[in-house]
Amino acid sequence: MARSLGVPLLLLAALVVALALAVSPAAGARTRQSPRLLGGLEDVDAQEKDVQRALGFAESEYNKGSNDRYHSRALQVVRARRQIVSGVKYYLDVLIGRTTCTKTQTNLANCPFHDQPDLQRKMLCSFEIYSVPWLNKISLLKSDCQNA
């Protein structure tokens with residue numbers, strides 16, 4: 001009876017080892033990229049159209065809430081991340097600079113940054129923007145800015 005169980009047990013042991021090696025991340029180099037966590041944060045290209053739309057909205061809200069005489073706009077997107085929820089959350093870390101355009105001017109995209117040292121101002125801001133594109137809804141959930 002011991003001999004009749006030997007072969008099936010050996011095959012079972014080989015199967016267990018093969019499965020362990022197949023699913024273990026430490027079992028050697030993986031050739032495929034790990035699947036993303038559903039609802040997890042992912043880095044995104046700051047130049048994507050939807051990221052730029054979220055950035056423009058965050059800039060607009062920043063300027064509305066600022067007591068500064070001048071508009072500010074993004075100098076650099078340091079990091080852009082996205083999370084798919086019941087819409088899309090964007091987490092943007094942005095270096096913002098003061099422009100030469102006063103708040104009475106409307107075309108912010110063409111405003112140059114101040115080059116006079118006493119008028120230059122840079123802020124490092126973290127924005128959390130929530131967008132529901134199919135409802136045409138966007139809101140700024142969090143904004144935290146520090147002098148850079």
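Using N, Cα and C of the backbone, Cβ positions are placed for all residues, glycine too.
Remember, predicted model here, so these are calculated numbers, not experimental data.
Taken from Swiss-Prot, the feature disulfide bond covers C101-C111, C125-C145. Sequence annotations record features per position, and here Swiss-Prot assigns motif 'Secondary area of contact' to 83-87. According to Swiss-Prot, the signal peptide annotation covers 1-28. Residues annotated as site 'Reactive site' in Swiss-Prot: G39.
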Tally of DSSP helical, extended and coil residues in the motif 'Secondary area of contact' (83-87): 0 helix, 2 strand, 3 coil
Rounded distance in angstrom between the Cα atoms of C111 (disulfide bond) and C145 (disulfide bond): 21
Fewest-neighbour residue among disulfide-bonded residues, criterion Cβ within 10 Å, set C101, C111, C125, C145: C145
C-beta crowding around G39 (site 'Reactive site'), within 10 angstroms: 10
Cα-Cα distance linking C125 (disulfide bond) and C101 (disulfide bond), given in Å to the nearest integer: 20
Rounded to the nearest Å - Cα separation of C125 (disulfide bond) and G39 (site 'Reactive site'): 24
Rounded distance in angstrom between the Cα atoms of G39 (site 'Reactive site') and C145 (disulfide bond): 26
